[in-house]
Amino acid sequence: MKFKIKEQTKENILALTCSGILLLGFYFLVTQFPLLKQFLGNVIGILLPFILGFSLAFLLTPVTTRVERKWLAKSKMKASTKRKIGVAAAIVFLFLVLISFMAVLIPQLLESIMTLSTQLSDYLGKANTLLNEITEGLGFKTGWLEILFSSSEALLESMLGMAKDYVPKILSYSWLFVRQTFNFFIAVIIAVYILLEKERFTGQFKKLAYAVLPKAKVESLIQLSRLTSRMFNSFIIGKLIDSLIIGVICFVGMLIMRLPFAVLISFIVGLTNMIPVFGPFIGAVPGIFILFIVDPIYSLIFAVFVLLLQQFDGNILGPMILGDQLGLPSLWVMFSIIVGGGMFGILGMFLGVPIFAVLYVVVRGFVSGRLEEKNIQSEDML
């Protein structure tokens, strides 16, 4: 019996392959030409306030829309007044989230880090003793453990010495913090302008596009922009909600099991969960290491707990919140994460998936159109 592949499936395979080749080609351009990478870095650095502003406006649009269309739907106020109230509510919401984060989470994180740093030597000693007892019970030599932990203590002392040497750099880091804070407030102002005048800006871009491009091309660009907005909106907001829930569940679970450093480890787990596929594994490693130097049993309990938590996220919570909105096979999800991470680090790992999904849709439309023009059936190629 001959195995047949659906025509749509063949077109999807071809589109995915072309998208992967394009993305891989861009990756090699960036990595093989340092000047191009430096140029892109400089451009991103200059445009950073605008990039942040557009990102904030994108994330806050659902808040303004909800205020305008739900809470103020029956109000007789002017549309412009509703918009101003919606934008004000979105900005208040943003700063409430930031203030809550700084007031509640940051002190707990600093306390956990300080406790870990001051008691690290004691934890290493206890772990050394426990592992010696285990290896002696199993009949193994223990010399390698003494070497390992003496090396760890020497490494710790060396790191503390390096920290003292880097104290003069605090001023430069402080200036960097001030500059980034300034960029953030500029980004908030830009986001406010975008939210207040988004219809006007959209109209101006449409006029410009219709003036310089054919009508069919402009309509395609409008469809692409709507598709991109929908994909990024659903992916980013969905991932934020999913990661927040996972972080809270991790925190509650660690409190119930009385595991130390619950705030610090849960924050790491929730934050890294934003990265598709590899995020859970990246987040579990620091937690397992921290708990191992406190008590190896804690690390074992935590490893099992995180494994169960990520199974729950991958099979129940994630599909419930995100669904199959991007329509990418797992192989290409991993491909986009690896290539995106190679070009732009953590941010590239996070945004690589929706960017590749949009690229895939564009290439799929192009491939389908060209095949129709040439009267070629997908069956003729595979």
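Cβ coordinates come from backbone N, Cα and C, glycine included.
What TrEMBL records for 12-33, 39-64, 85-106, 176-196, 236-256, 262-282, 289-312, 332-363 is transmembrane segment.
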Cβ-Cβ under 8 Å with the transmembrane segment (39-64): same-chain residues at least 6 beyond its ends: 30, 83, 86-87, 89-91, 93-94, 183-184, 186-191, 193-195, 198, 229, 232-233, 236-237
Cβ-Cβ under 8 Å with the transmembrane segment (85-106): same-chain residues at least 6 beyond its ends: 56, 60, 63-68, 72, 77, 188, 192, 195-196, 263, 267
